[in-house]
């Protein structure tokens, strides 16, 4: 478990900013306690300092997770946000997309969102932006990247993809072993 | 399912019977070999099915018939009817085979039937005699069935576990006999000697154990254990309940949603849910569901957790407070851990440990899914935790166990486990509980509690473990405040020959047949002090007043009156000094014991002044020649306490 290097920090924050924009600052400057990002076995964990202090008691080999796993670095040193970060993403998300009940099921099976399943969307959502997907009763389902801007969506075909799938809560069941 | 299993069992029994028959019908054996094996087997199977199907009515009818004393004939008729039915079926089946086979088969069947009829007649005669002895009619009614079966058993071959052959055929009859035996045993104490008819309770219990193990499919030892743990009546209820699954229950994640809202959401999805009971505010029972309850978007987003009702209890007992440090020592898959996190409102720190790495992944996934942000997942042997973790406020130990309480969930326990496994598991459990206690800070302002739970009902894994920890650590078993004291059965303070600390009464047991949840055991311990009690080391130094040294004051007049003469022998070379290595002292120990008496007598015989010099030469350690040089030093240095004397203190058990 070690602090992130300069490059890693930039990579992480750039990625997070895609979903939560300037709210990234709220992750770093919290009123309750200092929270930090730490790298452990290629995964980035977000946890409070007191938790970190306690985790230091555990030998590195035996430590599996500390706080919340935000994402992981791939072998090519790219940063990927994992579904475990949804808790924070949903809290601070800038753009949200609500999907209809029929769309919930297809999305949590790993499919993209088509226009037919779109129930609501945050206004002025631009193209290629990270969005958090919610069900109609506000249950966060995952996140993705918009394929079109809101204006384009209006004129799009009902079967046209509007949000590319990135991660969904179905992964907890589908690939539980890969989460950590 | 059950019927299928019963059929399986019947098939086994049949195979055995076949083997028995083989010895009787040796001359026919050769002919039989010609018959297609498979065809025969399937034929037998059919025959059996016919029998088992007709069992239930026959069992009931025979019982009814036995009620009146003179209806024996009616019973025989019934039997004959049954046989006829069988015959019909057999013949139908046989049509598929060639005539030759059929002929042999029918001949064999005839012979078999004849034999059975003879047996039945003999049994009926005996019964009739028994009745004429003049036992009260009521008792007779109750016990007849048992007698019946036992008598037949004498005629037929005995199967393993003491089950009679005919009895094994007839599941209905076994069930009936179990019920009758239980009734008999329940009223055993009030029953007069005549009604017992010279039977012994132990024999009845053995019979019941054998019946239970064959009817419900338990290993004989396990069945015996449960019959000893419960009263016969209760044990049968327990076995019956284990055949049915417990209701599916879920726990609301109150960090994300209220139970009422969750119930609404789930009902909207087509599930039928209800609160579990008065004792929990977060649990829901899923009565029926049109969607898989473990794959709804609510589940995947961590709004609830699939968790058996019994797993709520240890966490409720632990009652973690926000801001505390809590350890869950055997956490995977995280049901209880996430409940802890929920009660702590995501503040404080949770160490979630599990020894198995692949189970840890599901643990971590569940913690993230349920939005527990303050957890540390550790994959370590629980026994080593105390070396690494800091002192914490509360520890939950849901110890790995034999699973004797979750037979409804995992039927393999029935045959896989036995009293021996209980003992084996308890070794690890004791170690883990000791570590759990060591992890807790007794001076914690809010906590200092340990909760020990298992999903086993055996005494070895529960009360015995608690009793052990009460002996080796400063802890006490405290009542569980968070759960209604009337909910659950008290922990046992005595079980057969074992006696446990009275405070173990504060622990709680939960039974499937009483509380409609998995069998469970929960105990809450409060740590009293951080001091680890250890055996007090014996201080053998001379300045310790408690140590009594052997000196003149120990010599009594009586000793002086009886001097002992010693043979004039060359004194063997004395050995190492008082300060000799401890290892050598140990080696010498055995020798000393034998010579102890002699020494004492010698001490009495010697004049006190000479003692210091002479003592070592009395033949203590002949093997150490190098000790000679040291020997000279000893009296000067040690004064009174020369080496053999010191050792003798131990032998004499002087004042410790």
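Cβ from N, Cα, C; glycine included.
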Further binder of S-adenosyl-L-methionine named by TrEMBL next to B:330, B:331, B:332, B:333, B:334, B:335, B:336, B:354, B:381, taken from the candidates B:393, B:398: B:398
Largest tally of Cβ atoms lying within 10 Å of a Cβ, found at which of the binding-site residues B:330, B:334, B:336, B:381: B:334
Stretch-averaged pLDDT - the domain 'SAM-dependent MTase RsmB/NOP-type' (B:238-528): 91
Listed in sequence order, residues with CB under 8 A of residue B:332 (S-adenosyl-L-methionine binding site) and six or more positions away: B:354, B:356, B:359, B:360, B:362, B:363
Most distant Cα pair in Å, residues B:330, B:331, B:332, B:333, B:334, B:335, B:336, B:354, B:381, B:398 binding S-adenosyl-L-methionine: 20
Residues near residue B:455 (active site, nucleophile) in space but at least six apart in sequence (CB under 8 A): B:310, B:398, B:401, B:403, B:404, B:405, B:406, B:518, B:519, B:520, B:521
